Amino acid sequence: MKRILRNADFHRFKAKTIVNQKSNPDSYRDLNLKDMLQATNLTKTYGEQKALNSLNLTINEGEIFALLGQNGAGKTTTINCFLGFIQPSGGSASINGVSVAENPLETKKYLAYIPETVMLYPNLSGIENLEFFSSLAGFSYEKDELSSFLSKAGLQNTAHNQRVGGYSKGMRQKVGIAIAIAKKAKALLLDEPTSGLDPKASNEFSEILRELAQNGTAVLMATHDIFRAKEVANRIGIMKEGNLVSVIDAKEISANELEKLYLQTV
Amino acid sequence: MRNKILKLISKQVWTSKIKNSSTLWLIGIFNGLLFFALFSGYKYLVNQQETVEHYSLEVRERWENRPDKHPHRMAHYGYVAFRNRFPLSFFDFGMDSYVGNAVFLEAHKQNTVNFSEASLSNGLLRFGEISAGMILQLLLPLLIFFWGFDMVAREREHGTLRILLTQGVSWQELILGKSLGLFALALSIFVPSVIVGFILLIFNEFASENPQSYIRFFFLIISYLAYFFILSVLAILVSAKAKSSKSALTSLIGFWLFFTLMLPKVSQVVGQNLFPSPSKIEFDTNVEQELIRQGDSHNPNDPHFKALKDSLLIAYNVDSTHKLPFNYSGYVMREGEKLSAETYKKHQAHLVETYQKQQNVVRFTAFLNPYMAIKNLSMALSGTDHSAYNDFQNQAEDFRYHLAQTMNELQIKYIGNKVKTSADKKAIISKKHWSDLPDFHHQFLSLIQVFKNEVISIISLIVWTLGLFFLVNYSIKNLKAF
């Protein structure tokens with residue numbers, strides 16, 4: 001009985017999201033807040049293959065948006081379009097109202113990017129890496145300021161002056177976060193940031209993301225971690241073969257429902 | 001492009017390389033090699049300068065101390081002209097070791113410049129020819145490529161490139177910043193050798209006699225700086241364009257082989273085939289044949305000289321050459337010398353022109369190949385190129401002509417017409433006339449002449465330096481962040 005009910009719930013839910021997506025993909029968005037990340041008919045084709053098909057997506061300041069989908073669904077392509085590493089075949093991506101294609105250097109001022117594995121210079125310490133990357137972004141911080149960014153990102157004090165070569169994946173991820181904090185990024189792009197992290201590190205990571213969002217940062221996170229997505233995100237999108245097929249308000253769905261929806265979608 | 005970012009990136013290149021002990025070893029070894037090359041080159045230069053000075057004095061002394069004799073005998077006693085080394089020749093040996101150092105000058109005959117270092121050495125020269133110029137032109141580029149090949153490609157493979165670019169660094173800044181860092185590494189090898197070279201130059205007394213040595217050294221430094229900068233940017237560009245750091249290394253080593261070994265050889269062969277030059281025997285035969293056609297001054301029945309004789313007899317209204325108011329055979333020899341020297345000069349000029357054409361084929365490859373530009377320019381500024389040698393040959397020939405004609409004039413003026421042989425008492429003039437002939441002094445090419453000769457190389461280096469900025473701007477459009 002319970003199971004049938006659940007299924008019924010699910011179908012009701014699915015119908016709703018699809019309708020929502022077609023009529024207005026931003027139906028769960030708080031329209032009083034400023035648009036930070038915006039994709040308009042964003043398309044990327046490689047020969048015959050459509051890696052990204054007319055994606056429309058807007059993410060507010062302070063909002064966390066999780067992108068789910070199989071490998072090759074177009075999550076990373078979306079992020080790379082926002083980063084300006086890929087030239088879209090059609091449509092546009094803009095950050096804080098500035099088009100990425102037209103002003104790639106301008107848009108990078110608002111951006112921070114944390115890949116699956118944050119790669120740093122192994123010969124430099126955490127603090128030296130942070131100093132180098134912040135200086136490149138045009139900031140000059142004192143040592144104690146840099147140290148406080150690292151602490152804020154959750155990196156233990158003892159590691160600040162150690163060579164990054166000896167860091168664990170989670171520690172490097174934290175330096176990546178510190179780089180984003182130091183840059184005062186308005187938008188954070190994350191590509192499977194928690195994959196390979198232990199549950200504790202993963203949980204800490206979510207905490208920090210929430211904190212950043214509370215301070216107004218817009219977060220776009222591609223992930224495979226359905227439970228993490230449900231827990232940390234405000235909205236969740238599911239992608240399939242280059243299309244954003246559903247957008248769900250995270251509050252309105254349980255993790256189990258989300259998983260089912262995911263499995264049915266992809 | 002922001003200077004601060006360039007500084008940051010280049011500094012990062014520098015510090016991350018310097019932290020590596022193998023880099024320090026390489027810098028040390030190259031500096032050691034350069035110092036060795038500079039010191040041994042300098043020692044050799046001083047040795048040569050002293051030898052030339054010593055023997056020039058001896059030649060002069062012997063000439064002036066010849067006893068009273070017939071001037072034509074003096075013309076055959078002859079003179080030896082020594083080629084001086086340019087004070088900068090210790091920096092880049094160029095062709096110095098392969099061209100002759102001394103030439104015997106006498107009447108009627110243009111002898112070959114002999115006693116090159118290569119002709120006198122026992123084959124060890126093959127090992128010993130390491131000049132600072134050669135290390136800087138040939139080996140340092142290899143090191144620059146070795147250091148630079150992975151500077152962008154590795155960051156791309158490693159993933160730091162994406163974070164770097166996300167921090168708002170533009171591709172131009174990245175490439176130029178990395179190039180400047182690489183350039184700074186090259187300077188860690190170049191600058192010490194420049195300082196040592198400059199000190200050696202100051203110590204050389206011949207440099208102060210030729211102040212243009214300092215100016216030439218200054219331009220030599222500028223040229224090498226341009227060369228290293230070009231190579232640094234090229235290495236970084238290849239690293240940025242390559243699919244992987246491995247393929248970047250392969251391409252760069254390939255370029256190095258092609259541009260320093262293959263292209264120079266191929267262009268040389270092409271030049272020689274397009275503009276064939278006669279062999280030494282062929283050349284001498286050609287000159288001789290033309291001289292025979294013109295007339296033989298030693299043959300009394302030669303038509304050219306018979307006509308000359310007849311016109312003289314008419315002009316002075318005498319019936320025999322013995323009655324002329326001057327020495328007739330001296331007059332004939334002066335005429336003969338003039339004819340043969342002109343003929344030789346004409347042929348020699350033609351030969352040099354052919355050489356020039358051959359060299360220009362090689363020279364023009366400098367627009368493809370910065371190595372060729374620096375090689376030619378460095379040789380020319382160090383005074384060890386073919387033009388410098390050719391200039392010496394011309395000066396020696398001019399002196400030879402002057403010597404022969406001075407002796408002929410003495411004969412015309414002081415020797416009676418009735419003397420039978422040069423051993424005759426009346427055929428002898430005082431030895432005090434010998435010092436009328438000025439000593440031979442090898443003068444170096446002027447700076448302007450050097451620049452004129454190397455205008456192609458200079459333009460090519462400038463075009464390369466400016467062209468790189470276009471190349472960077474052009475190629476960044478297709479660069480990949482991952």
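Cβ from N, Cα, C; glycine included.
Sequence annotations record features per position, and here TrEMBL assigns domain 'ABC-2 type transporter transmembrane' to B:110-262.
The transmembrane segment annotation in TrEMBL covers B:21-42 (among others).
TrEMBL lists B:130-149 (among others) with the feature transmembrane segment.
The transmembrane segment annotation in TrEMBL covers B:180-203 (among others).
According to TrEMBL, the transmembrane segment annotation covers B:215-237 (among others). Tertiary proximity for the transmembrane segment (B:215-237) is limited to same-chain residues at least six positions away from its ends with a CB under 8 Å from its CB atoms, namely 88, 91, 136-137, 140-141, 144-145, 147-149, 151-152, 175-176, 178-180, 182-183, 186-187, 190, 194, 197-198, 201, 252, 255, 370, 373-374, 377-378, 381-383, 447, 450, 458, 461-462, 464-465, 468, 471-472, 475.
Annotation source TrEMBL lists transmembrane segment at B:249-267 (among others).
Proximity of distant same-chain residues to the transmembrane segment (B:455-476), defined by a Cβ-Cβ separation under 8 Å and at least 6 residues beyond the stretch ends, is recorded for 171-172, 175-176, 223, 226-227, 229-230, 233-234, 237, 240-241, 360, 363-364, 366-367, 370, 372-374, 376-377, 380. Summarising the annotation, TrEMBL assigns transmembrane segment to B:455-476 (among others).
With a cut-off of 8 Å on Cβ pairs spaced 6 or more residues apart, the transmembrane segment (B:21-42) and the transmembrane segment (B:180-203) reach 3 or more such pairs and are scored as touching.
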